[in-house]
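Feature annotation from TrEMBL assigns domain 'F-box' to 2-48. Residues or ranges marked as repeat 'WD' in TrEMBL: 87-119, 526-558. Taken from TrEMBL, the feature region 'Disordered' applies to 279-311.
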């Protein structure tokens, strides 16, 4: 179509463009002068964007975008969806990936019982591999770099006496890859995490009854062999009672000091209050059609735990009353499990330190950190998120090994906050600014009743990706969806997710990794593997680089179309080099 030919109405052009793919839409201006004349028409690109991506029209443009054209191009050109490399050095299932904070290195854990450290250069290459079998490990399952990238925490499954399995954490120096220390970690799916540059958190589990236990969270110094002769290398942080076969798992630390300068605000009301020049939004439905679908399971209940002060006498009376009622036959018959749970509940009321007041962060307590973990109260299946505040004086191993002085009636620590997910939690991840917590879960039936803690409800195949604002302790509306899982409760395993400035990614059991846009709440890409995708990881300095790890034993490297073009432009062209060599020979 040339400039002198008949002109199509803009509405007709618009309908044509709706059926073109991204590449055609963005390149059509090169061949169509008529389209080029309206290529920067904001109204046309806005309509095209909303209709192509099926985004609700209540959602404003991304706060970092200057035009709808640029925003359309961003979602096409900057998604890491092009496979550029497949790493096959592992010989068994790859379970976890983690980047260093500088983005120069990343680590991978595998069922082959090695942790491998890779160099992230133009082409990714293997730098070091540590085999943990000499330490009686079955496999490595998780790793995390400390804040200055000098140490690597590696978590694995340890084989103990009589083939019993527990967990262990190893600390490896990044200077010479030597093993600095090892710490027991029970159960193994506590994983462990760094609290600061030199201190890490591990767990231990003590059985009290058949379905009642106590989780103890310990603070450990990474340099135990060097420091142990002079100062404490371990200190008890918290001691928490578990009911109905539940345990504390999957610990992580959130830094409250970063909440007031988030990379991306997700709450629409907060956006309006902050600035009219920075449009952000409350996550909504993907399309108008979705509004007509049946409503999803009830939103997770976010609850602040009541102050336990003044309860001991009442709890003691309640325990005595329970025994009297049982002996006199007043109370209906109870199973052994029900009786154990009831006694444990009454006991813990009389032996628990009350929660800290005023959980939400303020200017005066911005140095506080949150310890976040999965837990439960109804069954062994992790269905709640527990949050416990870590105060500045608790962030060192100095002081008594058993931690703070306690009164005789403060045997356990209470949780400061609990979020009930109403489903099996299979993954958690923090946004880079630590403002938002993303949670993978598989929902229970809406009106299910749990009568036996050893028989949790069936779980959905669909995975819901919930988003919680840790500054307000509220859920951001609507869960992200697309990915699926198929294993039942007793076989359910962790699927690691990761969050960048603009995107969130997750693995799945359907042989794909997934990428969503955090602002528009839409799925942007499916990344193919030959088996379950266990873990994903964005580069912390380049969100257009994503890694995926799979049961197919490979790690795949994905880059955005834009990054691929840039990389190709940087590579020397053989013809030019040959021409230069020939010219030099002639001269």
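A Cβ is built for glycine as well, from the same backbone N, Cα and C atoms used for every other residue.
Keep in mind that TrEMBL annotations are predicted by a computer and have not been checked by a curator.
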Folded-back contacts onto the repeat 'WD' (87-119), same chain, C-beta under 8 angstroms, at least six residues removed: 125-133, 137-145, 147-149, 152, 154-156, 172, 174, 177, 496, 531, 534-542, 547-551, 553-557
Same-chain residues at least 6 beyond the ends of the repeat 'WD' (526-558) whose Cβ lies under 8 Å from its Cβ atoms: 78-88, 90-103, 106, 108, 110, 120, 124, 432, 482, 493-503, 505-509, 511-515
Reported mean pLDDT - the repeat 'WD' (87-119): 97
Residue distribution over DSSP helix, strand and coil in the repeat 'WD' (87-119): 0 helix, 19 strand, 14 coil
